[in-house]
Amino acid sequence: MIASYHRPTTALVHLDRIKFNIEQVQHHIPKSAKTFAVVKANAYGHGAVQVAQAIQKQVDGFCVSNLDEALELRQAGLNDFILILGVLLPEEVALAKKENITITVADLDWFDKVQTENIDLAGLSVHVKVDSGMGRIGVRSTAEANQLIAGLQKAGATVNGIFTHFATADEASTVKFSQQLEMFTTLISQLDYKPQTVHASNSATSIWHSDTVMNAVRLGIVMYGLNPSGNALELPYEVKPALELTSALVQVKEVQAGDTVGYGATYTASQAEIIGTVPVGYADGWTRDLQGFHVLVNGHYCEIVGRVSMDQITIRLPKAYPLGTKVTLIGQDGHETISATDVAEKRETINYEVLCLISDRVPRKYDKKFS
């Protein structure tokens, strides 16, 4: 999807806020702990290359989801440590090794398949994934971990790290978290060979369970200034949302009582009303279930009336504003703010999804001033 620069809908990313957020977390974890910045999914919609370049000196490496995301960073000239968190196909190993990209190995079946296909692992950098209770990828016992590490080393791979992922670190109850932590720490203590880097802390763990940080953290959503729990848990320190989503009024008209607006004629004006049209829609990630939500115009909340279309929304205005007047979908206008978490609550989802769904059609612009 091509970025649409010739319309007013834009995502502005404040790189200085991302740097600030990283510093906030780093101040509250052990100084010896490495920081891996998670820039998968285009840095949660913020722009992977631009974010990585801005924070390169602040972190110890980057985490991505797949080989293509890792190659994007390499092709942009970023030669830092990169860990692919997902599982690679065996035929992708050679390219990862060539580009000095660390891969995740998550079970013996994958290793056996690689061996059967005679894929050369010599010189490959590996982190082993442990499934401590998430139920996705990873080894589930000390015996399996020991066998996998020994096999990888015999094949010439370098096992530099081992890690797990917590399912409920962003929840008030710590029962499941404690079970996972105990499983992982017990497994680590029983390894025949302990890799140098041991990491389990995602954003939520780094914030609310900082005393359990091992020797590295993986910072994702908090780096972009959002609460991993939504609003379920209070943040112990300030972080600043890094992304603003704005557009502008392209038409303003008066409709009369009884007039309908949008597909399906789902909205009927109860009296004479001023309706503004904004060029943003579900193709941009502003989804159809946001009908009835609001945006900000000149510091005023304005309801989205009628269905969200592919390319446009219609909003009820308190008065007839000039064409080109700024419309804030995510961000601050005057004394009022709409956060990605607010949008998520309306959609009954999580703030991660709201950011990741902002499509490539929305140009990203960058405020590069650093405070």
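Positions of Cβ are set from backbone N, Cα and C atoms, glycine also.
The annotation active site, proton acceptor is assigned in Swiss-Prot to Lys40 (among others) on the grounds of sequence analysis. Lys40 (active site, proton acceptor) counts 19 other C-beta atoms within 10 Å of its own C-beta, drawing on all protein chains shown. Secondary structure at Lys40 (active site, proton acceptor), as computed by DSSP, is helix.
Residues or ranges marked as active site, proton acceptor in Swiss-Prot (evidence: sequence analysis): Tyr263 (among others). Residue environment of Tyr263 (active site, proton acceptor) contains 12 other Cβ atoms, counted within 10 Å of its Cβ in all protein chains.
The annotation substrate binding site is assigned in Swiss-Prot to Arg136, Met310 on the grounds of sequence analysis. Other Cβ atoms within 10 Å of the Cβ of Arg136 (substrate binding site) number 11 in total over all chains.
Marked as N6-(pyridoxal phosphate)lysine by Swiss-Prot on the basis of sequence analysis: Lys40.
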Sort the recorded positions Arg136, Tyr263, Met310 by C-alpha distance from Lys40 (active site, proton acceptor) and give me just the closest.
Arg136
Across all the protein chains here, work out how many other Cβ atoms are within 10 Å of the Cβ of Met310 (substrate binding site).
11
If one measures from the C-alpha of Tyr263 (active site, proton acceptor) to the C-alpha of Met310 (substrate binding site), what distance in angstrom results, rounded to a whole number?
11
